[in-house]
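> Checked TrEMBL, it gives:
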type	residues	note
COMPBIAS	17-28	compositional bias 'Basic and acidic residues'
COMPBIAS	49-58	compositional bias 'Basic and acidic residues'
COMPBIAS	59-68	compositional bias 'Pro residues'
REGION	15-71	region 'Disordered'
TRANSMEM	74-93	transmembrane segment
TRANSMEM	99-118	transmembrane segment
Amino acid sequence: MQPDSDDDAWRAIVENYGDRPEIERETAPVEEPAAAWSSYDDEDEEQAPDAREDEDRFVPPPPPPLPRTTPDRVAAWLGVFASPAVLLVSMVFGLHLPGFISFLLVGAFVGGFLYLVAQMPRGPRDPWDDGSRL
C-alpha cells in the first residue's frame, strides 16, 4: 500500500467511527401455543410412590475393610509426621526442648523417612495397570 491509500483508509475509518448500520428486521407472526401448560400435582406422587425406582437404583457393594499395617511402619509414619509437628508446636509456643529431645525428634523424622523409602516396592505392581477400575 502506498501512503496516500493508508491515509485515505484511516480517514474513512475515523469518519465512520461510531456509526452503526441500520438493519431492517422482519417481524415473524406470533403463533398461539398448541396446548396450555398444566400444573404438576405433587400429591399424586406422594400417594403412589414408584416402587421400580428403588429397584433400579445402583447400590455399590460394601467397601473392603481397611488394611492393617505393621507396627514398624506405623512408627515410621509417626516419626515422619509427629516429629515435625512437635517441633513446630514447641517453636510456636516458645517451649524450650532439651537438646537430647530435639535431636531425638529430628532423628525420628529422618529415620522414619529413610525406612519408608527403603520399604517402597522396587517396581510397579502391574506393568499393564493404568490405574482405572470399572
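Glycine too: its Cβ is placed from the backbone N, Cα and C atoms.
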> Do you know the DSSP helix, strand and coil residue counts for the compositional bias 'Pro residues' (59-68)?
0 helix, 0 strand, 10 coil
> For a three-state summary based on DSSP, what are the helix, strand and coil counts in the compositional bias 'Basic and acidic residues' (17-28)?
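DSSP classes over the compositional bias 'Basic and acidic residues' (17-28) add up to 0 helix, 0 strand, 12 coil.
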